[in-house]
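Chemist: After the structure tokens below, expect a handful of questions from me.
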Amino acid sequence: MKPSKKSKLTFQAPKGMSDILPKDQIWWERILEVGREVSSLYDFSLIETPLLESAGLFEASLGESSDVVEKQMFVFESKGGQRLALRPEATVSICRAYLEHHLGYYAHPLKVFYYGPMFRYEQPQAGRWRQFHQWGFEILADNHSVYDAQIILAIHRFFNLLKIKDINFRINTIGCRVCRPNYRKKLLEYYRPLKKELCEDCQRRLENNPFRLLDCKNENCRALRSSAPVILNHLCQNCNNHLQEVLGFIEDNNLPYVSDPYLVRGLDYYNRTVFEMEVPELKTTLAAGGRYDYLMEVIGGQNLSGVGGAIGIERIIEVMKQQEINPDVKTRPRAFFIAVGNQAEKSGLVSVENMRRAGIVVSESLGKKSLKAQLKAANKKKASLVLILGQKEVFEETIIIRDMASGVQETVLLSKLIEEVKKRLH
Ligand SMILES: [Zn+2]
Ligand SMILES: [Zn+2]
């Protein structure tokens with residue numbers, strides 16, 4: 001039945017989610033290539049967790065008052081009545097997997113990397129999507145400051161290999177169970193009398209999570225912040241030592257950084273080190289992370305430390321385009337096979353399949369009839385060799401090989417095709 005205009009269904013990708021088309025894969029391939037290279041250099045192993053988890057896992061760990069839990073999670077009930085959530089981030093899932101599979105048994109500390117889609121229900125805008133991709137590194141079950149530094153160095157190497165310039169790297173500590181409550185008290189003492197001057201969000205957050213007030217982009221809140229107490233003056237000895245060690249490692253490795261006493265993260269599970277990386281071209285964060293020594297305890301495990309960071313892949317691509325960085329993926333040289341006439345068409349696929357079995361990358365558009373149309377397709381594919389099988393060649397059991405760079409054309413025996421192509425393809 002022909003679809004009438006009335007009954008025609010049109011579908012689009014869900015709001016804030018996009019297709020990654022073949023033409024864009026060159027960017028993704030380059031990033032995955034660099035990610036794998038860095039992971040291998042820094043000795044991180046791949047871990048993959050499901051896109052869905054129990055909603056409670058995130059609610060328990062990210063914090064009830066975090067934006068993610070308050071309004072950004074995709075939560076639904078499964079047919080079996082289980083409340084599930086599309087993962088808004090991966091660290092919590094990885095900790096869940098660590099505990100579930102006793103991964104401490106295999107390596108200590110455990111160094112893992114991940115990549116894949118994350119989901120947050122927020123208003124799509126520049127740099128924000130409802131489905132976005134992250135590449136991340138985590139080092140689990142060790143609280144030594146050397147691992148905070150390794151996470152930061154690995155992310156820097158990632159940007160460096162991609163040739164991303166002008167990275168603004170900010171770092172801070174947000175203390176621990178010992179010193180944080182005291183600083184929290186100081187913040188409350190400072191902000192409570194100013195409550196009426198704060199933005200709506202901050203008024204709401206004040207009692208639950210006063211640290212978030214330091215993060216507010218509102219101009220008024222920013223102005224009030226300038227006289228707010230600074231955590232660096234309220235750290236316990238251990239947190240202070242830890243921070244000094246992390247900064248020492250970073251300086252020893254010649255990484256420029258900015259110590260930002262107002263830097264906090266939106267999720268509850270962080271403690272001590274927090275960091276963010278930005279570039280001037282992008283108004284949002286390119287990479288961020290920190291330490292989370294209480295996370296595993298919160299989701300039901302022992303007291304096991306962790307530190308990690310994640311990179312926004314879509315944002316990297318945007319920056320690369322803005323900084324005019326060519327993804328520069330090495331594509332394998334390819335041959336393009338052209339068949340003209342019935343006989344050639346019939347035997348064409350056998351020749352193509354034989355070459356593919358011999359490891360030669362062959363493109364074709366065997367569905368097309370004319371030589372002209374097939375040559376046009378060969379040009380589009382940027383093939384370095386074009387192989388032409390016509391009626392005459394089928395009869396003589398030969399084939400024409402044309403080198404596209406030099407324009408030189410030769411006729412060779414069909415039985416020698418693989419050998420001849422391999423000799424010329426580089
Ligand atoms: Zn402390
Ligand atoms: Zn505010």
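Glycine is treated like the rest: Cβ placed from N, Cα and C.
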Chemist: Per TrEMBL, which one of ARG83, ARG120, ARG157 shares the L-histidine site with GLU89, ALA90, THR91, GLN134, GLU138, ARG265, TYR269, TYR270?
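Modeler: It is ARG120, as the record lists it for that site.
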Chemist: Long-range neighbours only, meaning 6 or more apart in sequence with Cβ under 8 Å: which ones does THR91 (L-histidine binding site) have?
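Modeler: Counting only residues 6 or more apart in sequence, the Cβ neighbours of THR91 (L-histidine binding site) under 8 Å are GLY136, GLU138, TYR269, TYR292, LEU295, GLY306, GLY308, ALA310.
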Chemist: How many other Cβ atoms are found within 10 Å of the Cβ atom of ARG265 (L-histidine binding site), counting all protein chains shown?
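Modeler: 21, counting other Cβ atoms within 10 Å of ARG265 (L-histidine binding site).
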Chemist: For the domain 'Aminoacyl-transfer RNA synthetases class-II family profile' (29-333), provide the mean pLDDT of the predicted model.
Modeler: 93
Chemist: Among GLU89, ALA90, THR91, ARG120, GLN134, GLU138, ARG265, TYR269, TYR270, which the record lists as binding L-histidine, how far apart in Å are the two most distant Cα atoms?
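Modeler: Maximum Cα-Cα distance: 21 Å.
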